[in-house]
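What TrEMBL says about this protein:
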type	residues	note
SIGNAL	1-25	signal peptide
DOMAIN	25-61	domain 'EGF-like'
DISULFID	Cys29-Cys39	disulfide bond
DISULFID	Cys51-Cys60	disulfide bond
DOMAIN	63-99	domain 'EGF-like'
DISULFID	Cys89-Cys98	disulfide bond
DOMAIN	101-137	domain 'EGF-like'
DISULFID	Cys127-Cys136	disulfide bond
DOMAIN	139-179	domain 'EGF-like'
DISULFID	Cys169-Cys178	disulfide bond
DOMAIN	181-217	domain 'EGF-like'
DISULFID	Cys207-Cys216	disulfide bond
DOMAIN	219-255	domain 'EGF-like'
DISULFID	Cys245-Cys254	disulfide bond
DOMAIN	257-294	domain 'EGF-like'
DISULFID	Cys284-Cys293	disulfide bond
DOMAIN	559-595	domain 'EGF-like'
DISULFID	Cys585-Cys594	disulfide bond
DOMAIN	600-776	domain 'Laminin G'
DOMAIN	772-808	domain 'EGF-like'
DISULFID	Cys798-Cys807	disulfide bond
DOMAIN	809-845	domain 'EGF-like'
DISULFID	Cys835-Cys844	disulfide bond
DOMAIN	855-1045	domain 'Laminin G'
DOMAIN	1036-1073	domain 'EGF-like'
DISULFID	Cys1063-Cys1072	disulfide bond
DOMAIN	1117-1297	domain 'Laminin G'
DOMAIN	1354-1536	domain 'Laminin G'
Amino acid sequence: MSLEGHKRKLQCVWWIFAIAPVVSAGIACLANPCLHGICLDDLNSTYSCYCIDGYTGVQCQTNWDECWSSPCQNGGTCIDGVASYNCSCPDGFIGDSCETNYNECESNPCLNNGTCIDMTNEYVCHCIPGFSGDHCELDVAVCNSTEEVRCYNGGECIEGPGYKFYCKCMAGWEGPKCEDQIDECQSNPCRNGGICIDSHADYMCACTYGFTGKSCEVQIEFCDEDSCSNNALCVVEDDVRVCYCVPDYHGERCELQYDECLLGPRCMNGGTCIDGVDNFTCSCPPKLTGTLCDCLILDDGSHDCEYVSPTITPIHNVSITTMGFTEPTVIGSITTIDYTKYSTTTTSISVIPDSLNFTTTIESTTENFTTTDISVITEVTTANTTKADIDSDMTTVKTDYTQLEIESTTVKMDLTTEGTRETLEIDNMKTEATTQCADSCIKSNASTIALPPVTVPTITTTEKLITSKDFPELPSSKSHEMTTSISTMIYETTKKDTITTKTSDASTTDMTTLKDMTTSKMFTDTPIDTTHSTDIVTLKLSTTETTEPIDVDTTQPTLQSECTNSFCNNHGTCITGLNGIRCHCAFNYGGRFCEQKMIITSAAFDGNSYISHRVKNSTTISIGFNAKTLITDGQIMHVNLADGAYMKLYMESGLLKFEFSCGYQTMLLSELKTYVNKGYLMKIETRLDLYLKEKHCNGTLRLNDTVAMSGGQIANISYLENNTMLSFGNTPNSNTTYSKPFVGCIRDLVVNGEKREIFDDAVDASEVTECSSLSCLSSPCVNGGTCSDHGETYTCACANGWMGDHCNQSVCDHNPCQSGGSCVRHPGSGFICLCPYGKHGIFCEYNVEITRPSLAPIATGKSSYVMYPLSSAAMNSDRFDLRLRFQTADMDQISLLAFVGQSGKHDSRSQHLALAFVKGYIMLTWNMGSGPRRIFTSRALGPRRGGHTVRVWRRGRTAGLLIDSRQNVTGNAPAHRSNMTLLPYIYIGGHPSEDFGDLPHDLPLHTGWRGCIWEVGGQAIGTGKAVGGRGVGQCGVAQCTAKSCNAPRGVCIHSPATYGCICNEGWFGATCASAQSPCDRSQTRCRGACVIALDGAHCDCPYGKTGLHCDQDLMPIDLLFSGVRSYLEFLPRSISSVSLSFEAEIKPTKERGIVIFVQTPHFYTALSLQGGLLEYRWTDHLSGLTSLVRSGVVLSMSQWHSVKCGRYGNRLYVWVDGALSTEPMLAHAYPHTASDASIIIGGARDLATLPFDVMSGPPESYSGCFRSLHVNNILLPFEEQNIEAGQNVGACEGAACSGTTVTSSGTRCRRSACRPHECGAGRCSRGRCVCPAGRVGLRCEQHINITIPHFDGEALLSLNRAALARSEQISAPARPSHLALNFTTADPNGLLFWINMGSDYLGLGLDSGYIKLTWSLHCNNSSKQKTEYFPLPPKLLSSLVQAGFMADSEWHSVVVTLDYNITLLVDGRSYIEEQCYSENGYEELDLYVGGVTDEEIVARKFFPQNFKGCIDKISTKQHTFLTNYAEVYSENVRSCQLFPTL
């Protein structure tokens, strides 16, 4: 029991000890020790607190600071909370952590397209050019901000937004800056074959014979009877007869002849003046010569042109008084002229030994006269004369419409002999009786007495001459009195009468009517009725002579001088003008008296025509007609129904449009999609139905009896007018908005069911003709061409100088001028050649040695000029001296004497110096970059024998003029520096820019110099010899000769260096030698370009065509250039301005010509033959300087030569068959960029477009063979895909393919592409052989040694692959740790090397001339970092290294190391050092040098181009270099030659 009890006690104790901790734990948390958490009892009578978020500590008594990590960004202040924080953000930031920069730009505060840039708590507006202000709210004033001319040629500058501005151009100008002159001739305004001549803001028309008016729209009405004298042309203008005189005649009827010998002192030193047509010549005494007999011929044959005759001749004066009068006389029914006053003429005679001169003074008074139909006979009697030889002037009376004149006929008398000899001659109504003179003679000049105006409706004039054999003696000291009596008579114009008179000594002279001149109707259109009568007319002499009656059968007209109702037929209107009456006919009648009825059944409208019909108005208007046309746009019909109501039919884009309105709205029916301008007859019906009560209307259009379109609308018409007008064509006196005219034919008019004649039933019409063909209605032949109908087709007979189906092609479109002459369109002749300096002739075909240049403006906007080289001392200097001598006959010209400036268009800041001639004043303008200064001479110059000398000088900003060593003018220009930077040429007499548009200030208002300029010299002139120019001839030499234009077939137009021919009707060609136009479509079979020539025309064949008429196909490989406008132009390709090489083979047949020409925006360069030597030129656009190098050997003609030329760095070279020549360049600039260039071989399409200094002397096309052209070591095949254009190119040596395979057609061929196993040691890829190192050639057939590799942009090396001939693979390191090379290049872009390591890569190359390094590598920069679970991302870098410009043709070195760091050294200096450690090996690794294959896409992304240049010292291990390039894989690598080697 006790044992059992003990056991129970032990069990109780055990349970107590087991339960005690539990009770104790529950008791620990009873006190809630955890302030901000949950209490948890531990087994050891303790507790733990599980804190809520935000608190920590044993009892959760501490608030956790959530700001400990500074969560607030951008300067925000953190405010701790419970398990949270708040950020107090600075201005400009928002977000829980102030991480967001508030975008102040959301409100778009920037105006005028300004860009808002968000800043911290602010924004900045980046304004586009032209705006400023905080919000870009300020618009910059452009028009008046500087002195620069914004709008040219007087245009008004109008402000636009920002820097934009708009130009409101003056009349005649257009373009954004009013820089383009409007060609008013572009619309072909001249009609009826007229030739349009463009002028400023206007045009003029050179009308064909028979037409006049502004646009040659008025047909000239010639006089029915020619009332003009001396072969003048009589026409009727504005109801007035007008005479157009031939040269040397003037007066209202051209009855007066100019005598240039009377206009002032002419011949000097006793020379005799001989009158000519608009000129005079001097007959010089012995020992004298010159135009004015002003030069004395010295004993040594030279001339003294300052000679003045020292002989003074004594003078004795005698005066002669001549009195003329007429007494009133009535003969039958004829009233004679009644003069109650008489005229007195006093002639002063200066008697000189061996000669005698007359000075005549005329004093005339005449009044109180009546009118009559008169015929005048003049009688002369003389008193006693001396025993001397006397030349006395007999005086005749000549009747004019407005005046009567007394002219002279000369009678020469020898009174010292018993008998006299008479000679009677008539020349153009002038009579002369002569006798021989003994000893001395007295000469009397003709006296002209002007009588009052006489109104003579009809007059018949016959001149008679009465001569007397014997004259009484006249004492030498007494006066001579001559009395003339005038009587009148009427002659029948077909009768020849004889008058017999007796003189005082009973001797008898028979006088015959020598010439009857009849003016049956002088300036009148009045019909004449004639009656016949016979009257006796008495000739009454003032001496005691017996007068015998003469019976004359006369014809006397009866005149109608006023309009009557019956004068004009068929309702014509009689109009009385100043010179008579005429008829203005109704539209459907013609003829002088409106007696001819015009019959037109099918009316032709030519664009200016209209026909109007009166239509009775009703609620239904129906109009139908047949029409045909070829035009696309034009108004056909228009009819007004009421105010605001109308019906209109027109064409638009070849479709009919029917528009009508019923007073409320307008409806346009245009659903018809059938083209009606095919020339077929179409039946058109239009109908408008008005329902006035319903206020509705409906319009319908029917085409070819089918309802085409219809529609209805609301009508708002209260009443209809009784009659309305229906108009076809141009609506007269209409303000309709559609103004394009209708051209076509209309017939078969039906109005409201009533048939009408389209023309005969009209009430008005204008310029309507019978329709024969549509083709010629629209005047398709422009530029004076004549249209000829051939059924429904037409042909154009072009005026001289034009060709093509529509005569729209000028002969200048295919320049016929030789030696680089410019072809300019010229009215009349069609063209004229502006010859280069040293050439002349109609085609510039002849050479000329110019010692004294003659210049003149040649065509509108084009001047002639001479170019002299500017000395190096004047190009960039503070000193300038220029001297020249000039002479001109045009003292009123405003022209340019000299100009030197900068390239491009000049503005207010462009440096220049200009010498101008302004109406006799000499003006000097110069600008040193800060604004122009201008000075004038104080007085105008006058004409001067020997010309004037001018010296222009400048010293710093001071410049001056010295004229003839006397007039000295100076001035100062604003300047910041004393030097001027100028182009190396000075222009004399003009400038090449059209209208002087490139010149500054007011110089575009000037013209080219007209006159001679010589003795050009001074410090500014380099060699003193002209180097270029155009349109310059030899002073005093005329280009026109009697045979120049095959006169009388054509008229010659003279210019200093050339001439043009205006051919008479029916003659064509350059010299009017052909009766047919040589380039007329009906005369030539040429399928190419027809080019006019002296012997007719030539056919220029485009590239790919050959044969006499360009009708044979040809695609040559080896080219043959004809040398006559032959050339071949390639498509543009990119070329660097630092490195350029050409290589070709040529076989010339002529020792002069352009072989290659290349032009870019920065420079142009050319290879040419000059006297058998090759000459390579390079001209920089910026400086204008030309560098050149010539070959040291002369090329043999008709033999193949290998030639190379180009530029490398700052040197030029030319290489011929192993002979090398190099020269340093005069000017070059860095850096250079590649740009597209045009490459032309053999010449140019137009040699005039080439720069003047493209070769020495005038440019000339290359003649001979050409093949194997390489540009920058790249072959350019002569295939169509590479060719832009070409002309006159054949196959060399007579074979179409020059020995290569010809296709089955035998007309096309090309070098065949390579095939497998045809490339020898290389391989065939894309049709070309890829050669390994050491092999070159088309089939890799040539061996070369490579010491330094050359890469041409298609070459490469692969260092880890074996050569093509080896099969094993070269082991490559896991990753190269060292890579170095040296390089030289002139190309700014290219890959130097590329390492492809699978997922990694590294590349080095050039980008815009600077070193560029790029890589993507997996770098493990921490050795403790485990990468098996977390792969490293690649490290990327692409950076331009600022080590300087590398594409400068100099050698540079680069070293790249890849160890623990990646470093880059350029020319020994370190530029990049980046940490990158990697232990990775690569299963595949490719290392390329100089380029990559097309499969390397990533490399192409960073470096699009392979390297062009030379690479040396290639190393993948330090102190070890690659020397045997045949051991590694390579493509097209050649041996480096900076210049071709000997």
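Glycine is no exception: its Cβ is also placed from the backbone N, Cα and C atoms.
Curation plays no part in TrEMBL annotations; they are all automatic predictions.
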Near the domain 'EGF-like' (181-217), which residues from the same chain, at least 6 beyond its ends, have a CB less than 8 A from one of its CBs?
153, 170-174, 235, 237, 608, 779, 782-786, 799, 827-828, 860-861, 995, 1065
Report the nearest neighbour of Cys29 (disulfide bond) in space among the disulfide-bonded residues Cys60, Cys798, Cys1072, comparing Cα positions.
Cys60
For Cys98 (disulfide bond), what residues in its own chain, 6 or more apart in sequence, show a Cβ-Cβ distance under 8 Å?
Cys72, Gln73, Asn74, Gly75, Gly76, Cys87, Cys89, Pro90
Alpha-carbon spacing, Cys835 (disulfide bond) to Cys207 (disulfide bond), which is rounded to whole Å:
29
Looking at the domain 'Laminin G' (855-1045) and the domain 'Laminin G' (1354-1536), are there 3+ C-beta pairs under 8 A, with each pair at least 6 apart in sequence?
no
List the residues of the same chain that sit at least 6 positions away from Cys178 (disulfide bond) in sequence and have their Cβ under 8 Å from its Cβ, in sequence order, or write 'none'.
Cys151, Tyr152, Asn153, Gly154, Gly155, Cys167, Cys169, Met170
By CA-CA distance, flag whichever of Cys51, Cys216, Cys254, Cys293, Cys844 among the disulfide-bonded residues is nearest to Cys594 (disulfide bond).
Cys216
Would you list the DSSP helix, strand and coil counts for the residues of the domain 'EGF-like' (257-294)?
3 helix, 11 strand, 24 coil
Based on Cα distances to Cys216 (disulfide bond), point out the closest of the disulfide-bonded residues Cys39, Cys60, Cys585.
Cys585
Averaged across the domain 'EGF-like' (181-217), what pLDDT does the model get? Just tell me the whole number, please.
81
Would you mind checking how many other C-beta atoms are within 10 angstroms of the C-beta on Cys835 (disulfide bond)?
34
Give residue numbers and ranges for long-range contacts of the domain 'EGF-like' (101-137): same chain, 6 or more residues beyond its ends, CB-CB under 8 A.
74, 90-94, 161-164
For Cys1072 (disulfide bond), the one of Cys51, Cys60, Cys798, Cys807, Cys844 that lies nearest, given that the disulfide-bonded residues are compared by Cα:
Cys798
Between the disulfide-bonded residues Cys39, Cys89, Cys216, Cys254, Cys293, where is the Cβ count within 10 Å the lowest?
Cys39
Whole-number answer please: how many Å between the C-alpha atoms of Cys293 (disulfide bond) and Cys1063 (disulfide bond)?
36
Taking Cα atoms as reference points, which of the disulfide-bonded residues Cys51, Cys127, Cys585, Cys844, Cys1063 is nearest to Cys245 (disulfide bond)?
Cys1063
On a C-alpha basis, identify the one among Cys60, Cys207, Cys254, Cys807 that is nearest to Cys585 (disulfide bond); the candidates are the disulfide-bonded residues.
Cys207
Is it possible to list how many residues within the domain 'EGF-like' (63-99) are helical, extended or coil according to DSSP?
4 helix, 11 strand, 22 coil
Using DSSP, how many residues of the domain 'EGF-like' (1036-1073) fall into helix, strand and coil, respectively?
0 helix, 11 strand, 27 coil
Per-residue Cβ crowding (10 Å cut-off), top of disulfide-bonded residues Cys127, Cys207, Cys585, Cys807:
Cys807
Largest tally of Cβ atoms lying within 10 Å of a Cβ, found at which of the disulfide-bonded residues Cys29, Cys136:
Cys136
For Cys1063 (disulfide bond), which residues in the same chain are close in space, meaning a Cβ under 8 Å from its Cβ, but six or more apart along the sequence?
Asn800, Ser829, Cys1045, Arg1049, Gly1050, Gly1069, Cys1072
Check the Cα-Cα distances from Cys39 (disulfide bond) to the disulfide-bonded residues Cys51, Cys136, Cys807, Cys844 and tell me which is shortest.
Cys51
